[in-house]
Each structure stands twice: as structure tokens, then as C-alpha cells.
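Some features that Swiss-Prot has for this protein:
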TRANSMEM  4-24  transmembrane segment
TRANSMEM  34-54  transmembrane segment
TRANSMEM  62-82  transmembrane segment
TRANSMEM  122-142  transmembrane segment
TRANSMEM  148-168  transmembrane segment
TRANSMEM  231-251  transmembrane segment
TRANSMEM  266-286  transmembrane segment
TRANSMEM  304-324  transmembrane segment
Amino acid sequence: MKKYLLIIIGVTLVLILLWWAGIERTIKLMMRADIRFILLAILMYCISVLIWAVRWNTFLKGANINVSFVKVIEGVFIGIFLNNLTPGARTGGEAVKVIFIKKASSNGSYSKVFATVIADRILDVIPVVVFMMLAFLYALTIHARVLLIILGISAIILVIILLMTTVFSIKEKYALSALLYLARIFRKIFPSKFSMSEDKIKEKLLGEIREFKETFLRLAKRKRRLSSTMLYSFILWGADILKTYFIFLSLGGRITFLQVLLVRMASIAVAMISVIPGGIGITEVVQSALFLAVGVEKALAVSVTMLDRLISFWIPTLLGGILVLKNRKLLVSSS
């Protein structure tokens, strides 16, 4: 019930934003969009998703997990769908991606697949931190104090998350303590699902943690694979920023690539702390406000944001939902 209430609040924020910018003017602007640049924006989004799948597939191959590339792409969209249903940093889809690929593969285990997902997430954070630093330097030149604070704090938080994830991935003691704590909570909530003793749970968790750690370290030691996946990550985020830039060009807007970079990084930072699933409403309001901060007219700012969200949020969420329904038997099957 709370989730639905938050979604209603988010949709209300979108409607208020459209009313503030002028619904008729905003719709007219979007209807006049140059289809050539819109197609380029869609192409950039498709490239970013394809690169994401290639990067994850590289880690899956490195872990010797046999799964078709089509299933990897499906796994990415299923993850997007479920991430867009969860608030904040949107990590709800990662667990389902693990389940999906484990069941879709011929030889994958949960701990091995989870190691590839964590490695993929770590490689996703590094370019964001780099681009945030570039945006921070640009914000310094234009004396945007609010943006400087947002970007600075966000970059620090991301680095801390990155370090904590890495430590928990290689230190058995910390990982076991955290998982045992969660197991005790779940045992109280679902006692029938956790009938085994704590010693048995600990033994099972330790086995999974060791397999995860072994897989994670093996992936980390392969320098050539790491170099290629790092390159994929920068291409992915570069395509994401170009997508928004092309949407601006489609509406005849005048903006620099650095301004788009600044707004995208700052809006990602704010979306991380959104309590509304998928950042609905919050992302639209924040991104539009940030475009205003760099001198974009309000109707244009809102039009760009709406088209951006249509391409990178609503359509992928719909596709992901369709793929969840298509693969529902696989996802709920026991194995």
C-alpha cells in the first residue's frame, strides 16, 4: 500500500511539473522534436544497454558460466524493471538477475552469478565517480555552489559504497556476520522457511561466501578482462549522456555537452536518495530544476526531461515487465 501511495505522489509531482511548465507548450515542443535526433537518442540508449549486457557477459564467461547472450540481455531488462520498482539506489533487481541467470545457465551457481553481478556493479560505479569529478570541476568554473555540494557529497558516498562492497566481497568474516544478521531477521519473520539450525545456516553461508570470494578474486585478477570491461563502462555512460544531448538537439535547444554531463551526474546523485520507486516525479523535478540552473528555459527543460524519461525509464520498464511475464515460470521454478 505504501509503495502505491509513493507512486501516486510521484505521478502527481510529474503532473504538477507539467502544469508549471505549461502543458500545452510542453506537448507542442515534444511533438515538434526532430525525429532524426530522437532516433539517435534511442540508438544511444540501445548501445548503453547492449554494452551493459556485453560487460556482464564478459564477467559470466570469466566465471565459466554458460548462458546465451540473449538470456543475458533479458536479464539486464528484468533487472531494470525490478530496479525501477525500488527506491533510492535501485538494487532490487540484482537478486532477481542472479536467480534468472542461475536458472537460465547450464552450470551456474547462485554464489558464482552473484560474484559477476557485484563485479559488474563495481565497474559501473567507477565511471560515474570519474564523470562526477569532471562535472565537479566544470561546476567550479561556473560557480554553481549547490551543484558543487551535491556532486561532492555524492562522489564521496559512491566511493564509500565502492570500498565497502569490495571489502565485504573479499573478507569472509564481515560478509558472514552481515549475512547471519540478515538470516536471523528473516528467521523471525519466516520461521517455516528457516527450519535448520543456526550452525547449519552458518555452514551453508560459509560455503557460498567462499565460492563467491573465489569467483570474485578470479575475475579481479584477469587484467585484460578488467581493462575491456572498464572501457565498456565508460562507453556505456558516455552513450547515456549523449542520449540526453541528442534529445536537446531534437528540440532545438542550445546546450553544451559539459552542461548535460553536469545535470545528468547531479540528477543521478539526487535519485540515489529518492524514497519513491524508480525516482518517479523526483527525478523529473530535479533534472528539470538542474537544467534551469544552467540557463535552460523551463518548457524546454521539462520537455527534454520527459522525453529522456520516456526513452530511458518508461519504455525499458515496460519491456522488462514483459520479459518478467515471459520468463515467470523459469523465475519461480525450484532448482
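Glycine is treated like the rest: Cβ placed from N, Cα and C.
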Between the transmembrane segment (62-82) and the stretches 4-24, 34-54, 148-168, 231-251, 304-324, the largest tally of CB pairs under 8 Å belongs to 304-324
Per Cβ pairs under 8 Å, the stretch of 4-24, 34-54, 122-142, 231-251, 304-324 packing most closely against the transmembrane segment (148-168): 122-142
Stretch with greatest number of CB pairs under 8 Å, the transmembrane segment (304-324) reference, 4-24, 34-54, 231-251 candidates: 231-251
